[in-house]
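Going by Swiss-Prot, these are the annotated features:
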| type | residues | note |
| --- | --- | --- |
| BINDING | Thr235, Ala236, Glu237, Glu289, Ser389 | L-serine binding site |
| BINDING | Arg266, Arg267, Glu268, Val282, Glu353, Ala354, Ser355, Ser356 | ATP binding site |
Amino acid sequence: MLDITYIRQNPDDVKEMLRRRQQQGDAPKVDRLLERDAERKAMVQRTDDLKALRNRVSKEIANIKRTGQGSADELIGQMKQVSDEIADLDLALSALEAEIEELLLTLPNKLHKSVPEGRSAEENVLYKGPVSFEHNLDFPVKNHLELGKSLGILDFERGAKISGAGFPVYTGKGARLERALINFMLDTHSANHGYTEVFPPFMVNQESLRGTGQWPKFADQVYHMPEDGLYAIPTAEVPVTNLHRGEILDADKLPIAYAAYSACFRREAGSYGKDTRGFLRVHQFNKVEMVRFTRPEASYEALEEILGHAEAILVALKIPYRVITLCSGDISANAAKCYDIEVWSPAENKYLEASSVSNFEDYQARRSNIRFKPDSKSKPEFVHTLNGSGLATSRLMVSLLEHYQTADGKLMVPEALKPYTGFEIIE
């Protein structure tokens, strides 16, 4: 959420940010927000004036009653009207503040000055790579669906029977390989990169979604259990960031870094016409998430560190990849800057997004009221929050299956995963 003071002082900058994000149509929201903010200011002033009047006259009434000099009936009647007006103003102010908050919640984050200009994903900018590793693929490569089916390790048909399209089933050594990936990533981030492991709930309340920015803008993408007021998490970013919602963090303990495995659930509304085969687009997938809470001045250094931690997984697995910087028209509404890590799919002959690494600056912290005190004499300030997929297993599995297959249809296990699988080949 943007700071209302920033919007008051920089309305043109906010509108320019909306233009860069290809959201020019939301510019009237800024004007409406400022109008409502001015109304609120006038309403608060009127309420304060009336309360001051009531306090002053109440003393006069008390003095009249104490001395017995004259009647206080007229003043009492006037103060009754004043109290009624104050009550009406309080109700109107509450409704107005709710409208202002809803408007604030719908505005996207500021963009960092280094975010490239662009209208869509086609204008994203290569940041690093391509990073290549040698794999002997001098034969027709099977895609992950063909290989997974022939080896008996993936079963999308039975997943569809159970739940519908987009819900994969891992079987036998495929299930073991998936678990190995998850454990390898968690161990790497906790042992080598300094993250504290968290195993969070997979369902959250609406306040948690609101805090990280998935609500209300992405409400159509989450699975909802209305009877219980709960939502299936689209990413572990939601519960892990909300661990500290409403808290003032100890400055001496910053940065705080968490790594968490979770299943992720996404409705993928609006995906009609996109490639939905196999792991390319699913409703349920596994992901290891990295979440960081930092001082504001340290957040962009932290962004590069988190990116490096995600890359380290791919380097260890020898999965070819590249890193792109998302342009202003493709970056998510919540992020001030974002990198995508894309893994190479030889069967699809294209790169597939496997990780996003984002700096939200104080956007989520303001929504979630997560603060810290720089020192004992300072007022609390908002932290900066960051997160990165480290990584999602679905598209990572696509690249792994395609790069580690053999000409005779077997699958070699990456060296880094052998201690976790207990086997070296799937056939």
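Any Cβ shown, glycine's included, is placed from N, Cα and C.
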Those binding-site residues, out of Arg266, Arg267, Glu268, Val282, Glu353, that come within 10 angstroms of Thr235 (L-serine binding site) at the Cα: Arg266
Cα within 10 Å of Ser355 (ATP binding site) - qualifying binding-site residues among Ala236, Glu237, Ser389: Ser389
Other CB atoms, at most 10 A from the CB of Arg266 (ATP binding site): 20
Sparsest-packed of the listed binding-site residues (Ala236, Val282, Ala354) - C-beta count within 10 angstroms: Val282
Long-range Cβ environment of Glu289 (L-serine binding site), under 8 Å and at least 6 residues apart: Thr235, Ala236, Glu237, Val240, Ala259, Ala260, Tyr261, Ser262, Asn387, Gly388, Ser389, Gly390
Fewest other Cβ within 10 angstroms of its own Cβ, chosen from the binding-site residues Ser355, Ser356, Ser389: Ser356
Three-state secondary structure, Glu237 (L-serine binding site) (per DSSP): helix
Per-residue Cβ crowding (10 Å cut-off), top of binding-site residues Glu237, Glu268, Glu353: Glu237
Site extent for L-serine (largest Cα pair distance over Thr235, Ala236, Glu237, Glu289, Ser389, Å): 9
Least buried by Cβ count (within 10 Å) of the binding-site residues Thr235, Arg267: Arg267
Per DSSP, three-state class assigned to Arg266 (ATP binding site): coil
